[in-house]
Amino acid sequence: MFNNFFAKTVLSVAITSILIGCGGGGGNSASNGPNVTTPPVGGIENPGTGTNPGTGTNPGTGLDTGTGGKEPAPVQGYVYKEEIFNVAEPNTSANKVKVGVIDTGVRKNDILEHAIQKVYQYIEDYEAGTITATDLTNAGIDIQDLSVNNHGTLVASVIAAKKNGDPKYAYIPEGAAKDIAEIYGARTSEQNDGLGYTSGALLAMQDLHDNHGVKLFNGSFGTRSAETEYKKTLTKYAMNLVDGGSLIVFSTGNEGSSTPNIETLLPTFADGEGIEKGLLAATGMDSTKKALYRTGDGKGANACGAAARWCVAADYAVPVYSENLNGNAVFVGTSASAPQITALAANIWSKYPWMTADQVRQTILTTADYVDDGSGQNLFNETFGWGYFNQATALKGPEMFSRIFGEQFVADVDSGLAIFSNNISGDAGLVKGGVGTLVLSGQNTFAGNTIVNNGELRVNGSIESLLTAVSSTGLLTGTGKVGSVENGGTVSTEKGRLTIDGDYNQYEQAKLVYGLEHYLTVTGAANLDGALEVTAQNEKMVTAGKHDVIKAGSITGDFSTVTAKSAFLRLGETTKGDNAYSVDVQFKDAKVAGTLNGGLSNASGELVNQLMVKANAQAVNGESTELTDYVAKIQQVATAEQAQAILNTNAGALFAETPSVLLHNDAMTNAQVAQRAFQVSKQGVTGAWVNGAYQETSTKAKGWDKVDSEISTLTAGADFQVADEVVVGAYVSTYKDDSKFSESNGTSETDLTTFGVYGKWNTASDLYFAANAQYGLGDVEFKRNVTNGVDSEESNAKSDLDKYGVYGEVGYSFITNQWSLSPYAGLSFNSVTLDKVKESSEMGVTVDDVTAKETKLHAGVRFDYRVTENLALGGYGEYANAVDRSLPKVRLASNVDNTVGVNYQAPAYDKEYFLYGVSFNYLTNNSNWNVFGDVVSNVNNSDDIQSQLGLKYIF
């Protein structure tokens, strides 16, 4: 029955061998195919040398973001440099594109293995309108492509062949989409070299679309005629694909005819108009790029004919690697032309993944180089369509917004950044949708209006259309020029000085975001309403004083609200003149810019204030220094939370807090040491001992860090009885303190070696005296994250530290056979000194030596109950209060400019504590070993806990 559908066609493939070394030979092969869909391929001819890597195509860079006009520099030392707002092309190489090659199959060979995802055989049941798929991906390459000349494999090679680092393929021509395309190969018959009917090919495309998400298809095959009913079937199948977002590239054929294959004419069939938005036809040109390819007998590329409006030309002869010849050859025919266009479509879809199939098509067509056929047409003609494809230009976006494709080009940039750098002409307009950013960097002359419905439209070139309308969720920015603007959303100069060549109307719900130093130029009238938001998103710092917001031909109305979006700037009065609108900007007191009042914010706030004052003087004088660059960055901070992070950075609080924290912790340690000395001598025996102790403490002063510390010590000591009821001893400890500082976002690690002595004298009247003294030295390593509001990094510092303490106690023991009660009073003195600290980061600070000291009074009681002859359990309670405390004046300087510094008082933590705990003491039966320990907590702070465990060997 299919003989009624098709005129006879001939599949003719000619192969000429490549001479390699001493070997050689050649010949032609031809096979007459049945009356079915056949690939319009001229064959493989004109072998290469085997060493020529081919020409390929240039993907272009698209880096030209436009320049626009220069404005004179305002006063106060700021020099406007438009080029800093140029936008670099985003890296989209990770965006892969699935490509269906519907042909004779595709061999998963060495140069395509990286790209091939699946290979299928599809068998169509035409009457049922169904298709059966067999997965050939792992079946072996000899059955993956049934064509004697590997036709489908050659098509795929034009798209995605790659050397893959194998020296054997060092000089092969690579595919234009070798790093982008993911190939899904298919054959549609078990006969006829693997080619079935076009209806089966369209069903295969649908299956790949539905099951694998493939939207781009290459069809290097064709049919010369078909009956009405079959056309209806093809129309139905193609319409389903196009409605699903697919783009199909068909070849025009190789008969040298003025009419292309019927597959390219699908949009001309009854009810097929909608197919145009998902269809491209590809014809082939000779090496002159001025004529269609023709052989001596008149054969060659079919013209675009009635498909002209969606037709484009590529090369008829393409260098490829041939497995049959084991070398390079030239693949000829529109079968080779179509995959060049498919590869370009893949590259475009990778760069602009948000585009529709129709927009990819529009980009390819409108960027083609027009070739005149003498018909007088100036957009496209029936010979070459839109002309010879231009890959470099196409990868810069469309070159025309034309009503041929619709009233507007709707750019739904759903995320990220996209750049159109071509000069876009045409009679249609632009609608910006999606939450992403679209940059127009060319000189655009399209006639339709521009509508910013959503996301950002950044104009770094120009738009000559009469009107740009900004909707409530839209944002218009840039360094370029636009026509009159109706602002119902947001217009911003944060990304450079925007020029409106016409009138500017801002409505009640709208907002003008003024990036300081970047005034808005309006050549016509500016009618104001809504909000003005002042920001400091510049690379150069903002100086205090009057700043122009708008320069216009005339100004009417006024902003209903004016606010600053910088935590370190405050606004004064606004001034509206006939042609200019300005605002007075001053520096905000940094001490109140953050979320914390007092404490570290006072210290760092004063330092930041001084830095800004000095930077302002430098900037006014036209100086550009590390300090002005630093202040420019902190001025960009918008929220109080971000400002607090900068204040925390400049406070260096953890360096000033560390001695106070260690002082607090050392007082707790003193109590632990005193308790240990009591336990060591409790059984009235002397010897050598070891002790492990652990503490957790939490300290907090209003406006400062909350500091959580973990302290561990390992101690070894020995004591001796030097007289009746007199015991003295000595010990050495390793002391490790790990602290976390909440607001400073940092940590400290203190490592000390401590030496100590202790003693106890029990008088005959049960009165006792006890004392201990200790000295430790070591270092502290600090780590924290610092920021200037734009950049963040880890900053490190290391400093020497030493500490010492003494403790004396007098008590009285009430003793019976089973229990004892020992009230006592004590006095302690502790001192901690931290040497000068300078952070590694330039954003950090330098703090001079600091020393903290305190004297504490102690009062407590110990209770013990002898459970057995060898075991005593006890309780413990102590109250202590600092009666004298000397905390340092901290000298703080910025590493950005160490001539700027402030002095402030280090924080004071709790002066008192009330400890309570339980203890045990066990002496073995042979009196050789003594085990003791206790667990203690703080009534005033439940986060403070102590525990220790000791073992003593009796001499």
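For all residues, glycine too, the Cβ spot is worked out from N, Cα and C.
In this structure, Asp103 (active site, charge relay system) is part of a beta strand by DSSP. Summarising the annotation, TrEMBL assigns active site, charge relay system to Asp103 (among others).
Marked as active site, charge relay system by TrEMBL: His151 (among others).
Under the three-state DSSP scheme, Ser335 (active site, charge relay system) falls in the helix class. Residues or ranges marked as active site, charge relay system in TrEMBL: Ser335 (among others).
What TrEMBL records for 51-69 is compositional bias 'Gly residues'.
Taken from TrEMBL, the feature domain 'Autotransporter' applies to 681-955. Across the residues of the domain 'Autotransporter' (681-955), the predicted structure has a mean pLDDT of 90.
Annotation source TrEMBL lists region 'Disordered' at 31-69.
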Q: Work out how many Å separate Asp103 (active site, charge relay system) and His151 (active site, charge relay system) at their Cα atoms, rounded off.
A: 7
(Q) Which secondary structure state does DSSP assign to His151 (active site, charge relay system), in the simple three-class scheme? (A) helix
Q: Whole-number Å only: compute the distance from the Cα of His151 (active site, charge relay system) to the Cα of Ser335 (active site, charge relay system).
A: 9
